[in-house]
Amino acid sequence: MSNESNIITVPILGKDTVRVGFGIHQYICTEILENFKSSTYVVITDSNIAPLYLEKIESTFNKSIKDAKAEARLLTYVIPPGESSKCRAMKAEIEDWLLTQSCTRDTILIAMGGGVIGDLVGYVAASFMRGIRFIQMPTTLLAMVDSSIGGKTGIDTPLGKNLVGAFWQPLRVYVDMVFLHTLPPRQVINGLSEIIKTAAMWNENDFQLLENNSAVLLDALNKPSVPGEYKFDSIKPLLQKIILSSIRTKCEVVTLDEHEGGLRNLLNFGHSIGHAYEAILYPQILHGECVAIGMVKEAELARYLGILKPNAVGRLTKCLVSYNLPISVNDPKVKKYASFKHCPVEKLIEYMAVDKKNQGSKKRIVILKAIGETYEKHATVVSDDDIRFILSRDVKVDEFTKSSWDVVVTPPGSKSISNRALVLAAMGNGTCRLTNMLHSDDTQFMMSALESLGAATFSWEDGGETLVVKGNGGKLAVPKEELYLGNAGTAARFLTGIAALVSSKDGAKVVLTGNHRMKVRPIGPLVDALRANGCEINYLEKQGSLPLDLSSKNGLKGGIIELAATVSSQYVSSILMCAPYASQPVTLKLVGGKPISQLYIDMTIAMMASFGVNVTKSTTEENTYNIPCGKYQNPPHYEIESDASSATYPLAIAAITGTKCTVPNIGSASLQGDARFACDVLRPMGCTVEQTATSTTVQGPPKGTLKPLESIDMETMTDAFLTASVVAAVACNVSEGDPVTRITGIANQRVKECNRIAAMVHELAKFGVRTGELEDGIYIFGKNYKELKKPEEGIYTYDDHRIAMSFSVLSLICPSRTLIIDKACVEKTWPYWWDVLHQSFGVKLTGATSVASDPLKGSISKNASIILIGMRGAGKTTIGKIIAKQLNFKFLDLDELLEDYLEMPIAEVIFRMGWDAFRLEEHKVLRKFITEHPEGYVAASGGGVIEMDESRNLLSNFVKEGGIVLHVHRNLEHIKSYLSEDQTRPTYKDQESIDDVYKRRHVWYRECRSHYFISPVLSNQVIDEKIQYSMSRFLDVVTGSSQVLQKFKTKKRSTFLTLNYPRIEDALPTLRDVTVGCDAIEVRVDYLKDPKSSNGISSLDFVAEQISLLRCSTTLPIIFTIRTISQGGLFPNDKEEEAKELMLSAMRYGCDFVDVELGWSSETINILYQHKGYTKLIMSWHDLSGTWSWARPHEWMQKVELASSYADVIKLVGMANNLNDNLELEEFRTRITNSMDIPLILFNMGRFGQLSRILNKFMTPVTHPLLPSKAAPGQLTVKQLNEARVLIGEILPEKFFLFGKPIKHSRSPILHSTAYELLGLPHTYEAFETDTVDEVQKVLNLPDFGGANVTIPYKLSVMKFMDELSDEARFFGAVNTIIPIRIGDKLVLRGDNTDWRGIYDTFANALDGVSLRDTNGLVIGAGGTSRAAIYSLHRLGVSRIYLLNRTLANSYRVQDVFPPDYNIHIIDSDNIPSEELSSVTLSAVVSTIPADIELPEKVASVIKALLANKADGGVFLDMAYKPLHTPLMAVASDLEWKCCNGLEALVRQGLASFHLWTGMTAPFDAVYQKVIE
């Protein structure tokens, strides 16, 4: 424990306010009582800190009071933890409590806690009784060095953090570092971020201290706690020094600028952008972590503006990473904790607008000039455009318009040389200083991994210009965590060799992993070579790629090592560099053909010699190298040559723009093959090239005069082929022949960061450039640059730095601005490439976020192709054709493609070649389909396509890239029955039964599928006729076409019915009745009872069948809910894994909503969010205890904070103990809805809670008397809800009218009155017959006017009263429905036309989901109704519409009304040939002629002839309904048409108007029956 002599005092504002020490509880209590007399001391803390420290503080303080014989008392108050407590309500609660305790102006408040407690209690002190004294006792590192110092106090508001508060200095700040002992490691690191920030902007020496001691600090931090020991004992002096350095800086700045006049702004380095990220990512990502991201972004901004050197950004980034702090939103830590959150750029800029540093609308950011120094002594004004560029994922590149330009560009250090130098220096003895090091993602991954392996320590000198590597002589250890390498292929290959040298004990293994692209890049030949030499290496996922685990008892054995080197020279370099540390000298034999990129092998050997190891090439054996045992001896200094591959980009800019560029440090003496690019590629294309041993200058020819290269072998500079390709794209200056450039020798580029050859072909095509692949290269037809097309969807970069930089070059000559997606990928080799374009070349760059890169758009690509998998006989072909028809895609059967390719049927293929060979050919066809048809196709695959690992990987990667793999299935017994009748298919391999095959494949289908469709089954029969309808609903959700949630948001009120049946089949007889007035159906999965389940939990297939059956039985959206026992349901609380699989499956089933309880683990919730696709998540919580208060809503706010990270909808349900609980809930609803966009479902359960259900307007759960039971206590029916809302004035009675004459016999009044009665609405509907249209105006102005229908003769004349018209009203030139829209005091009358809806809805109901796309339709008659009929058929997808009328002239008049794409064909009944009549097959017919009109004989005969040619499922609608069954209906019925009468269309048209007025759907059957009566 500390005594007073061990306590360090730091002055601030002229007072010795800050006291720092270890274990100073006793000192604190004594010092307060001695120096700050009071009658009342109040310790305020939170419920996290209280159990750890409050009792000890109380007892020590009370003992001190007793010892001092002071007349004082100590009070304590504990509040809920978290940011939600930092609010007005909590401030008021504390103040009220203080008053009840008779606290007076001499009271001293002691804030014991983190930043929330300190800010809140400080603000209470600043305002209580106009200001009382307070003391800060911070318990987190973040609060110790930041929030507790300087007197800033405040609370949050709905519009932002800390917007209300005061400057109020504490009497003391007691920094007791003993609190850090119980602080979780992540929270300590959170505070270290602020310490790094302070050093980065104020003191380079402090920054160096942090740089050099990260490993020491983290080792102590991660050391397990031992009872009775202080975790940081071993580093007390270091820890104290670091904390004090930050405290002193802040105290110094605050003393100079207490009230934030300018200088104090500097303490906000990293905060302007960091706070914007925090507004979205908190609480999953902590304040310090967000500030770390903000620091990097603000440093990048300073670099972009030309103020901060690139190495300083790299140095800052390296320091942050060394403390396990995130440096971007793509950082693994952010992905781990908040992968479900997205940070839209415009939202970030919007948050940045609310910043106290800003000057009005001008944003001010702290700009670094160097590590430890800022650009100005206050925050600097920065434009939104520059901020937007830094924050944006993508970039728009403008055309380069300068006619002359002469620039010198120095590329960063070579990635190849940097990575090799890092390995050699780390493995060597002694210290080596590396200069011109590349600061990039790749080298950052390499350095971090080498440190984790214990290979070396790194530090910086010369302001970050020099990297000091202290090698450990090849001594390595198994790291504590896996080594994450992103997409750094060079690091992955080199480190695989290094990791093979690690001697592991007790089964410890080195694990190398990376991002999803790294996990498909090849490393197999290197692994094979190392395995053959005794290393134990396992693939953890895909064979031949990372992740790997490696273990070896004695490291590399040595001797002869054979390696295939035709794919990557990096395999060779990896073994070369680790070979000196093998147990025996190594003889490395390169086998399998000519090694690729020989110059890079030579580079490695030359560099090894510089570090003291000489490799000799055999003179007797080809491609064989001898490497002696030894250790690298580090040279004192090693300068890294600039990257020759990167140098090609500025030189290429000169070439295509006709300007001049010099690269001063790459010349003919370079070790790098790409240094030849200017001489071997650009000079033959027409450029003037000057190259010395150390520099290269290119002067481009006049714009547009570059020459193509007939053929060039780029095997010695393969990476530069991308640059050559974009230059060749505009090389069209030829005297004869085609302007084609052929590049060869680059086959290895297919297995780089991406398949670069295929990528170049694909992306150049977007510019309109004709290209194609060669066996080992590419050909490009040059194009006049003025004719380049704009890539409409942007250039996709494949996470490949060289793709991005190459296309940025071509963008400069494109006449229109070019979007390049994922600009950050250049950080791999040239992190500041965009800065060079902006500063050196003067190119205008604009930040952008494309649809293609916007994660909010869902994981499924627009128009993504769909691959169907599933058992033989599951219906893949049938369903595939249905999908293709509904989406207007093309359909392919992959089995048929295979048969065409091999020119024999499948059965013969298997008979001749065998099953294994057949599977390989099947795999090839699948791969070809995925490559050639990524969009716009539906493919049915063979049932066993998932049998091969390679095919399963193809399917899985297809899903990752945004494709859809749909598993199609039907009841297995039906499949067996179907296949027993089909003798054309080959028997299964080894005569397996269908049951055995499905049992084996079932897991694979689940592994590969992104979605799942199971055919609906009712009474053990597949309902084939319902598949089209069910599929249509399914596709709406999985392709993102559904707008259900958006529709709910725009409705005044919405409800959903809860189904709690054991089987959906039991609900079907009453389904229409019970869902009257509902907007959605909730399936309570916990109520379902699977008869085959042994544990009471329904199987995935059983639930899938239930969902499928429900989907084909209703038009309503489906909510999938599993309610646990603890939340008021039936599902076991301890079956989380089963619940997770069911909810994931619900997303694959295409359910509209999935209810996710907030009680599930964060891991489960994260997984659900990541896989939700277009399914919407309802995040829910039910307080069954009734103890949570809406008036003191801290628990509820914590749930809101958690839910808002994931939710599309938040559902919070309490338990009402009295009516007042509902009123408190409404106050909570009002507060929360003002501050968030996510819709809320809020209500209380129980008898007393029914009022809250009535007041809840969004998605209120309802019940129905016909259901077996209520799903929750207090549920009401739709009718009860509406009736109650009428009584409380929530729904006001309105009057509706029918305008026209004559209308006395209209059925509309009975239609609408019935609907109102059934739904409990108080409205009336009456016929308003009038002689003139002007008389209706007085009705339109009635205060209770709810709407009107309009019939003849006023459909046109009433339009003069309308303020706006719907598209349909404009199209028809008539209004039949008037909708009043009240916006405040203003009344807007909207005219609509629903005549067509009666026809459309009648057909939609009769078709039951069957599509009319690409079918023929017929309209009989050419009066006014015929227009609505034609319009409806076109909307239904009918591609050709025949029009038949007795008067031909009227038919042509109707045809002239419609655009040509309606494809209307007039039938002349007098002249139509009989063969034409017989060739027309109809699917839909509408008769619009009165039933009592006798048709001419020829017209009648033509109608009968046409009706005789009916397609399957044809629907006939006669708009006449007097009589109900007309003569034409009789003819159609005899010909087996599905007939509908005009009264049905009339009712459906009326209900369409009803829906427009009320937002509710009325029950058709009950209304129709009443109208008939």
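Numbers run from 1 along the shown chain.
Glycine residues also receive a Cβ, built from the backbone N, Cα and C atoms like all the rest.
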Which of Glu194, Glu204, Glu350 belongs with His271, His287 in the Zn(2+) site listed by Swiss-Prot: Glu194
Highest-contact recorded stretch vs the region 'Shikimate dehydrogenase' (1293-1573), from 1-384, 397-843, 1059-1280, CB pairs under 8 Å: 1059-1280
Protein Cβ atoms within 10 Å of Glu83 (NAD(+) binding site), excluding its own: 18
Nearest recorded site to Ile196 (7-phospho-2-dehydro-3-deoxy-D-arabino-heptonate binding site) by CA-CA distance, among recorded positions Thr140, Gly873, Ala874, Lys1211: Thr140
CB contacts for Gly870 (ATP binding site) [other CB atoms within 10 A, all chains]: 28
Across all the protein chains here, work out how many other Cβ atoms are within 10 Å of the Cβ of Met871 (ATP binding site). 23
List every residue in the same chain as Asp46 (NAD(+) binding site), at least 6 positions away in sequence, whose Cβ is under 8 Å from its Cβ. Val78, Ile79, Pro80, Pro81, Gly82, Ser85, Gly113, Val116, Ile117
His287, Gly870, Gly873, Ala874, Lys1211 screened against Asn190 (NAD(+) binding site), Cα within 10 Å - retained recorded positions: His287
Would you mind sorting out which of Arg130, Asn162, Arg872, Ala874 (the binding-site residues) have a C-alpha within 10 A of the one on Lys86 (NAD(+) binding site)? Asn162
Reduced DSSP assignment, Lys1211 (active site, schiff-base intermediate with substrate): strand
Counting other CB atoms within 10 A of each CB, which of the binding-site residues Thr140, Asn190, Thr877 comes out lowest? Thr877
Between Asn162 (7-phospho-2-dehydro-3-deoxy-D-arabino-heptonate binding site) and Thr140 (NAD(+) binding site), find the distance joining the two CA atoms and give it rounded to the nearest Å. 19
Quick check for the class: what is the C-alpha distance, in angstrom and rounded, between Glu83 (NAD(+) binding site) and Leu267 (7-phospho-2-dehydro-3-deoxy-D-arabino-heptonate binding site)? 22
